[in-house]
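*Asks:* Swiss-Prot lists these features:
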- CYS28, CYS209, HIS234, GLU238: Zn(2+) binding site (BINDING)
- LYS269: ATP binding site (BINDING)
- 30-40: motif ''HIGH' region' (MOTIF)
- 266-270: motif ''KMSKS' region' (MOTIF)
Amino acid sequence: MLKIFNTLTSTKEIFTPIKKNRVNLYVCGVTVYDFCHIGHGRTFVVFDMIVRYLRFSGFQVKYVRNITDIDDKIISKSTKEKKKINTFTASMIKEMHKDFDLLGISVPDEEPRVTDYIDNIIRIITTLIKKKHAYIHKNGDVIFSIDSDPNYGTLSRQSLTSLESGSRIPLNNMKKNPLDFILWKSSNKEEYSWDSPWGKGRPGWHIECTAITNVFFNNSIDIHGGGSDLLFPHHENERSQSICFNNKSMINFWMHTGMVILNNKKMSKSLGNVYFLRNILKDCDAEVLRYFFLSTHYRHPIYYCEKNLDQAYTSLKYLYTALYDTNPFFNNEEGLNFELEFYNAMNDDFNTPAVFSIFFKIARKINFLKNKDILKTNKFAFRLKYLANNLGFLFQDPKEFLQKKTTLNLLTLKEIQLLIEKRNIARQSKLWQEADNIRKKLMSLDIILEDLPDKTIWRKNKKS
């Protein structure tokens, strides 16, 4: 019996699809103004895992992940690069697919682009105005009134009073409430504006998902997902306008992935600590990164550092070592008890850390049987590969994986630490040239040192 943590109720609930054996799943996709970063990777690997498991469990899944191909950042970036918006977004979507393919993220059933659904967006906004959930500003903007929804703040568990007290109202503010948000943004520039009853303009961010989910799911969604950074205001606003448009809640479960933490800080462009997937994957095997993403429960923050990446590599190396020199390609009933444990872990809100511990138990069994019982060894090897494949793992040839270099490429963790210790000794002895030479050697290998009062820490230079 599958249980999923529902953000709306803040509890684990038994998952019962709206239609028997069918799951409608929607995930907020990428705004394609730049390359995909590690936060995108974490979220979409998680939902790829969820879709794979639901299908493995016998559900027919309709998976839709949108693409935002019009917004202020896209306009700014395309202008800067002197490209037409359509040309720019097409190239960024292509790059997004390259990154996701490397990570083994399956293509969703539908990947709608916002600009293909402008008519649907206008229709919904028109209805919201008629129902007095939205108002038109004199400049042509259409704005959603959060005061028209008495349940606003329910999803993110925030009261209107506390939200309003934390907002600052600018002079000449065009909104009735500072938390009101744009549904339609007035714009007269031809390349990124469309005709509407309120004049030329383009859609606001939040209305996009409401329009697309209405088109593809006919007001009926089992699971809506995204990163926890989208919970407020994006998902709160989306839910509010969707309920006001449809006169009911159309989403049963809300799921959110935890943040990626870098050097004890949330990843953020403003902090200058955004790591692009393609830069990380230059010297990290894609399956290692995928394993890293799922080694922490999807709802929890995940701490990105070389040590944790190296740990993911070591874990995968152990599993591939168990599969090495086996023939796991025939079905059998050996190890079904492990499969039951696998189901129990996955049915507990997709508990992948527990699943990985089960994989290790099977691997230990294989290692124990090697050179003792070839037939049983191969049977358990099948069970390990069969279960792991269904989550997107262990597709590589074991020999090829084991011959690859580690995630650090040229240096092991131990070698790096030895060099740092040697440099510390040189500094204590005031051998500044020797210490500087070691720093330069590490820098040439993209190892960045940071001297603290009591120790020296290091990181791999994978910044954008």
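Every residue, even glycine, has its Cβ placed from backbone N, Cα and C.
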*Asks:* Within 10 angstroms of the C-beta of CYS28 (Zn(2+) binding site), what count of other C-beta atoms is obtained when all protein chains are considered?
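*Replies:* There are 21 of them.
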*Asks:* Return the residue, from the listed binding-site residues CYS209, HIS234, GLU238, with the maximum count of other C-beta atoms within 10 angstroms of its C-beta.
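*Replies:* Counting every other Cβ within 10 Å of each candidate, the maximum falls on CYS209.
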*Asks:* Taking every residue in the motif ''KMSKS' region' (266-270), what is their average pLDDT?
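*Replies:* Computed over the motif ''KMSKS' region' (266-270), the mean pLDDT is 70 on the 0 to 100 scale.
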*Asks:* Can you list, in sequence order, the residues of the same chain other than CYS28, CYS209, HIS234, GLU238 whose CB lies within 8 Å of the CB centroid of the Zn(2+) site?
*Replies:* TRP205, HIS206, GLU208, THR210, GLY226, LEU230, HIS235, ASN237
*Asks:* Using DSSP, what is the helix/strand/coil residue split across the motif ''HIGH' region' (30-40)?
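*Replies:* Going by DSSP assignments, the motif ''HIGH' region' (30-40) contains 3 helix, 2 strand, 6 coil.
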